[in-house]
Amino acid sequence: MEEFDSEDFSTSEEDEDYVPSGGEYSEDDVNELVKEDEVDGEEQTQKTKGKKRKAQSIPARKRKQGLSLEEEEEDANEESGGSSSEEEDAAAEQEKGIGAEDARKKKEDELWASFLNDVGPKSKVPPSTQVKREEETEETGSSKLLVKAEELEKPKETEKVKITKVFDFAGEEVRVTKEVDATSKEAKSFFKQNEKEKPQTNVPAALPSLPAGSGLKRSSGMSNLLGKIGAKKQKMSTLEKSKLDWESFKEEEGIGEELAIHNRGKEGYIERKAFLDRVDHRQFEIERDLRLSKMKP
């Protein structure tokens, strides 16, 4: 069976390749074959011409199988016009959809705002007034803080009191006047001395009312009072007198501030001396601490 099938398959292929001899063709068959050959040649020539025209980019008529393609071009133009109109319609529909979405969002916002107005508590004071009040409170608080800081920075002005002291310098009476704070020790001591001297000055006025038999006692009492008054005068040394004269000269000439500024400078003798004193004192404290630390068990 297999040999038979293979033989049949070979015979079928031979049948396809089989070409009859010329004597077997009729005249009709020959004419049909000639026509088919002519049609095939025309189609090939038309294809080559179409390719050349496409390469030259000439918008001419395309022919295929001997027929013009104008109808196909018109159909393509109609299709392109239809596609453009479809695109325009789609864009218009999109715009309409966007507008509808915007309108829907606006409606939703309005509904939400009305819901909040109905449900939420109504604020009696508008936000602008609240902001203004907050700013005013902040300004008042800052101004109060500034005032308190200024009050702390400014020391309380103390009252000044003029004190007059009497000194004895080489048998001469020297009076010194100073301006001192009312709460200072000098002012308090000066007031105490004045209070003590007032009753002593009133004693001589009461002496004439004493009886005449006490004349010796009267003279002794007067001498004692005068001696006490004279003994109260403090003696002034030469250094104190020179210092007093220098202070009075500075006040008369008005050079006290200039001298103070000069002495505070880097080249001032007083400033240098004070610096050296501070250094010595600090060195002494360090050495003392070291000694104490070594002495401890």
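Glycine is treated like the rest: Cβ placed from N, Cα and C.
If you check Swiss-Prot, you get these features:
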type	residues	note
COMPBIAS	1-18	compositional bias 'Acidic residues'
COMPBIAS	25-43	compositional bias 'Acidic residues'
COMPBIAS	48-65	compositional bias 'Basic residues'
COMPBIAS	69-78	compositional bias 'Acidic residues'
COMPBIAS	93-110	compositional bias 'Basic and acidic residues'
COMPBIAS	190-199	compositional bias 'Basic and acidic residues'
CROSSLNK	Lys148	SUMO2 cross-link
DOMAIN	216-297	domain 'BCNT-C'
MOD_RES	Ser80	phosphoserine
MOD_RES	Ser83	phosphoserine
MOD_RES	Ser84	phosphoserine
MOD_RES	Ser114	phosphoserine
MOD_RES	Ser214	phosphoserine
MOD_RES	Lys217	N6-methyllysine
MOD_RES	Ser248	phosphoserine
REGION	1-154	region 'Disordered'
REGION	176-215	region 'Hydrophilic'
REGION	190-221	region 'Disordered'
Whole-number mean of pLDDT values that fall within the domain 'BCNT-C' (216-297): 78
Inter-residue Cα distance where the pair is Ser114 (phosphoserine) and Ser248 (phosphoserine), in Å: 88
Assigned conformation of Ser248 (phosphoserine) - DSSP reduced to three states: helix
The compositional bias 'Basic and acidic residues' (93-110): DSSP-derived helix, strand, coil residue counts: 18 helix, 0 strand, 0 coil
